[in-house]
Amino acid sequence: MSKESNAYIITFAIIMIVVIAATLGFAKEFLKESQTQAIELDTQKQILSAIVPLEQVGETGEEVNAYYAKHIESIAVDVNGDEKKMTEKGEKIFPEKVDIRKQFKEKNETKKILPVFKFKDDAGKVTAYILPVYGNGLWDNIWGYIALEPDMKTVKGAVFDHKGETPGLGARIADTEVESRYQGKTIYDKDGKLASIEMIKGEKNPSDKITEHTVDGLSGATITARGVNLMLEKYFILYENYIQKVKKSSASNSSSLKNVALVK
């Protein structure tokens, strides 16, 4: 076939189109897979950072994956506190892949899927329960993870992030110094009622204004602070039935252990 013939030109063009299409298709799938892995790795880092310094976890993706697999057990629950393994469509739920933003927008609370990440020590004992939170800041969405002690009322750690809060003002919710203010705070009052944790107005407030249910505020970021308060209150309410079930189960286990000890 002559290289100058119409048939040759058409055949060559078709071959090139097929080759290019195949190459682009492969590249798209490769990039999609890489992007998915990057998102999953970032999610793992955010969850872990609520309870341990990331330097302790490792620098490489392999190290993070290994640490996460060893120390995190993930489940999903509904607003009643019952474990939820399948969606309404019959699809298996992977807690790490739950779209928290989508669940935040779900108006029917009975349909919400609420992930729970249990942190275990080297001996396999659960030492913290990590709960995702999501809300609205001044300009856009804010989110984070709150780690509770096994007593399910004391905050062990917190990490926050945002999409577009003002640098130096509302964006400071993602600063370690601000996040650390939540450590040791309690979400229940002395009567056992949910009290949540409030970031009060202003910054560098007198110590008598800071209680077990409040943290110091952010100068010039009143609306962002209010968004954090509403976010925490909303999600503690959503998770309260689960929290109460864990507390009840822990109390029951403690009672059983005491009875065994008495028998011995």
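Including glycine, each Cβ sits where the backbone N, Cα and C put it.
Annotated features, as they stand in TrEMBL:
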- 137-239: domain 'FMN-binding' (DOMAIN)
- THR222: FMN phosphoryl threonine (MOD_RES)
- 6-27: transmembrane segment (TRANSMEM)
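The secondary structure of THR222 (FMN phosphoryl threonine), as reduced to three states from DSSP, is helical.
Across all of the domain 'FMN-binding' (137-239), the predicted model scores a mean pLDDT of 96.
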